[in-house]
Every structure is written in structure tokens, then in C-alpha cells.
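So that you can see what the record holds, here are the features copied from TrEMBL:
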DOMAIN    10-91  domain 'SecD export protein N-terminal TM'
TRANSMEM  12-30  transmembrane segment
DOMAIN    226-284  domain 'Protein translocase subunit SecDF P1'
DOMAIN    296-413  domain 'SecDF P1 head subdomain'
DOMAIN    415-579  domain 'Protein export membrane protein SecD/SecF C-terminal'
TRANSMEM  435-454  transmembrane segment
TRANSMEM  459-479  transmembrane segment
TRANSMEM  485-507  transmembrane segment
TRANSMEM  535-554  transmembrane segment
TRANSMEM  560-578  transmembrane segment
Amino acid sequence: MCTYRVDNMKKIFAYFLLILLLISAIPSFFGEKPALVLNHADSSLPIEPLLSTLVKNQITPLGIENQQDETTLIFESKKEQREAQQVLSLAFPLAHSHFSFVSAAPQLFSLVGLTPINLGLDLRGGVQFMLQVEIDDSVKSLVEATSTNARHVARAEGIRSRIADIDNNGFSVIITNLSSSDSNSIQSVTDHMRSQFSEWKISVNDNVLRFTLDESIKEEQASLAMQQTLNIMRQRIESLGITEAVTQRQGADRILIELPGVQDPQVAKRVIGATATISFHTVVDSSQAAQTHTTRDGESVRLSRQPVLTGEYIIGASASVGEFGQPEVNLVLSSAGGSKMSDFSRSNIGKPMATLYSEYHQDHNNQLVQRHEVINIATIQSQLGSRFRITGIGQVSDAQDLALILRSGSLTVPVTIIDEQVIGPSLGEENIQKGLLAVLVGLALTFVSIMVLYRKFGVIACAALIANIVMIIGFLSLIPGATLTLPGIAGLVLTMGMAVDTNVLVFERIKEEMRSGRSLASAIPRGYKEARSTIIDANLTSLITAIILFAIGYGAVKGFAITLGIGLLTSMFTGLLYSQMWMTKLWGHDNDKA
């Protein structure tokens, strides 16, 4: 009775899992419709003028999905999608737009969170960028910031000093108002410095303090810079409204970004590769220490070396057009930034404050250099808070890009796009057709072979193979971040062959049991029992290989490993559980030997 109950529970679980994965796979069979996503976080976008603009140009969307800061238009063809983007970009310049896809399955599936499989760049088309991150600059910035702090600490103790020999390993503080004979005073300063900068190694030679950065701190700083850059890139891509992007680290100092469905790389390139940031400085006269920068008109301006506020305090930014038609960026500061700006502006009413725009670019020697430009000088009229606006940006598109960059985070280190690839939608469709053809041909040949060799047993093998494919598609649809690529389709075809191998091992074992005199009914459970350990061992070995490929691989290798790994698990499940259930149901009470 207990065994009977366990068998029934096993069957209920098996069929429940199969039905669940079948339902999750259904949206993938319906496919997708091309869509155009308009991101209007910087402005309002009423539906009526949007529709009227499209209708005037003889473009009729299949549907509209309107959310708080974005509107999705669904079209029948990619031609309509492209035409709509051209028309709307002219009519609504403040709205960012990008191509996307939405499920063509009934809305019920979307309501319960079931969507088609995410297709990779090689199947959908899109843009791929390889970024070089200058992580050494993060160490350089740390050294420079620490040297400035060390000088401030010395000044607070009444010690005059200057900084020398700055490099990525450290810097030297030369004490100018003490000589080597003042050993007690120098030792006191050294002890104080060591307490303030405990992570640094400080050595003394006469009146020179040498600060040396430990290698572990360098590695930690470089790793932190890479992680911050990854996070900022993901935020920037999310700000563009692209939800299926792949952003992953490659090696020590590179980042791979894949943007499926994006066919115009220029907008993405401007945002992803941008190293722009802003800072606010007081305008000083010739009697004060300063740095000199120029405005867009070429006028020289002397600014304080220490900024009043930097881009790290900006938590919100949006572009708009002012009352005189000039582009503006509205800024929102964090509470700490708002307090700093409030304190500064309160004590500097009537004085000028400049906005300094900084960006890295490559010079004629392909070296990264930072370019600075004063984009705005304004007189502080009253105490400022956490919200204010800046002008003098240039075009509306410049204001949009700057707002997007500021609200998604300014890069702490420069990045360079060292490789860019665009895969057209037609090539993606061709890859899908070839991949689908490979799957269908593989299925057909497998069905024919297994039916010829095993006849009625072959029917069970074919049914198990279909269940296996359904389960793979279902799992890929459910796993967050899983993407089907062209190598993934190759993994799917390979899995089909391995799934058949499972059934072949079982069928041959059943034949051996029948040749030894057992009836078909008794040979079926015996055959599965004897073949089970061999099947599990063989598949586990392949599964370990798939896990290793997934762990150390990138891009295409990872896509292949995902489908191979899922396929190995489902092939064991369908080959050892479903096929046995069906064979037992059909022939488990047959006492014939043939």
C-alpha cells in the first residue's frame, strides 16, 4: 500500500512538472511582435498627440502599453517599427526611443509573468561593445586624494609641507619648516600620520615621509573600480529602457555589453561610453590658488581647486527646455549634497559659482586625457537647496544625454570602447531559421532511426524526446537572465542525441532481460534498474563539463553550457521517469516475451 502511494505521488509530481513547464513554454511558440519603447522620464508624453502623429503618417500600432515614464507601441512588422521611430523622434525630441519586442501570446500569460525565451544577440540582432576600463586611474585617484589629505593633516598640526614623487605606488611629504635635527618633532608628525593613514606604509628619511600603498589595497581599489563601473553601466542601460542587455566582466579590466534589438548603436554608444561628469566651483581672483579653465567661447576662468560639490551627490537629473528655449538640466541632490550646497550658498550670496563639465577623450597619440569646460557661470541670488537647474549645455540632445548620465552615475574611472559589432535583424532572423531547421532535421532523423530500430519502443522514445524539448524550453523561459543563443541551439541539438542515448541503453537492457527468459512486463522495471546507474554516471560527467564551461566561459560558450546543462538534467528525467511510466502503463501487464 505504501509503495503504491509513493508511485502515485511520483506520477502526480511528474505530470504536474511537465504541465507547468509546457505552460511556461507556450509563449515561446507564439513568438514576439516588434515594438517601439519611448522613454519619457524627462517629459510628459500624452497618448492622443502620439497616436495622431502616427495616423497622419499612415502608421497604425497593434497596441499601446502606457506606464509612468515609458510608452510601448506594438507593430505588425519591423518596417512599421522603423518608420514610427523616424516619425516620433522628429515630433517628440525629448523622448528617447529604442526597439524592443513583446510577446505575441495571449495577455493572460503576461499577467502571470510568463514570457518567451530571451534571444541572444546572434538570434535577435543588436549591438555588442567591448569596454576597456582604466583601473590604474582609480589607484592614481586614491594616491592623489590621500596626498591632499596628508597635506591638510600636516597643516592642521602647524607643519608646512609639499608633495613630491607621486606615482601609483605612493607619494612623498617633504616637511619644509623642520630639519633632520628636529627628530622628535618629525617623529611626532610621523606617529600622527600613521594613526590617520593606517592602511599606508610610512617610512622616514630625514624630513621626508614616504607613503607607500600596499599591493592588497591596490587590488581592492581596482576591484572596487570595476564593480562600480559594472553597476553604473547597468544603470545607464536600464535608463535607456533596455531590459534584456548582457553586462558582464571579462578578464581583469574589460566589460562586455550586449544590447539585443538595438539597431542604432550611436545613442547607446554615446551613453555607455560617456565619461562626462560635472562639478561646481567658486570663481576666484588672481590672489587665490586656482585652476584655469575656458568657457565654450574661449574665455579663461579661474576656479577653486577644491569643488563645492561633485557629481557623486547627484541622485536625480532630467532635461527640459527653459522659458527662453534654452536646454536645461534639473538636478536633485542627496541629503548630504543638499546640506553642502545649502551651507555654501548661504555664505556666498552675491558671488559667482561655475559649473565645470569634465570628460575623457583620446588625443592624437590615442592616450586618454581629461578635457574640462566651464559650461555655466551664475551668481548665487539666494540660498540653494537640493533642487536647482543648470544651463549652457548646448542642444536638447546634449541635455538629455547629460541628464541620463548624471542620474545613472558618473564613472569614477575612464572607459574606452575598443570593439563594436552590429548584428542586423536580418542576420538574426537567418540564424533563427537555420537553428530551427537544425532542430527539426535532428528531430526527424532521430525519430526515423529510433522507430526503425525499436519499433513500438521507439514511440516511447519519441514521446520522451518531445517532453524533453518542452521541458528545456520551459526551464529557459522561467530562469531569470537565461538567454537562448545560436550555440545554445547547438547544445539543444546535442542534448536530443544524448536523450536518445538514454533510451537506447534502457531498451538494449530490456532486450537482454527478455533474451534471458523474462517476460516483457518483468523486463521493463529490471531494464530500467540495471541501466539507471550507467545513465546517471555518464550524464553527471557531462553535467560537470557543462558547469565548468558555464563558470569560466563567456558569451557563446556560456549560452552553449546553459542549454547543455538543462538538457542533461531533463533528458535523465524524461528518460528514466516518463518513459518508464509510459512503458509500464502500456506493457507492464504483458506476459509475452516479444
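Keep in mind that glycine also has a Cβ here, set from the backbone N, Cα and C atoms.
Please treat TrEMBL annotations as automatic predictions, because they have not gone through curation.
Annotation: stretch 560-578 has the most Cβ pairs under 8 Å to the transmembrane segment (485-507), among 12-30, 435-454, 459-479, 560-578. Counting only same-chain residues 6+ beyond the ends of the transmembrane segment (435-454), those with a CB under 8 A from a CB of the stretch are 123, 461-462, 465, 469, 486, 489-490, 492-493, 496-497, 500, 503-504, 507. Sequence-distant neighbours of the transmembrane segment (459-479) (same chain, 6+ residues past either end, Cβ-Cβ under 8 Å): 17-18, 20-25, 27-28, 114-117, 439, 443, 446-447, 450-451, 492, 495-496, 499-500, 503-504, 507, 562-563, 566-567, 570-571, 573-575, 578-579, 582-583, 586. Helix, strand and coil residue tallies for the domain 'SecDF P1 head subdomain' (296-413), in that order: 28 helix, 48 strand, 42 coil [DSSP]. Beyond the ends of the transmembrane segment (560-578), by six or more residues, the same chain brings 10, 14, 18, 463-465, 467-468, 471-472, 475-476, 482-485, 487-492, 494-496, 498-499, 502-503, 506, 528, 532, 535-536, 539, 542-543, 546-547, 549-550, 553 to within a C-beta distance below 8 angstroms of the stretch.
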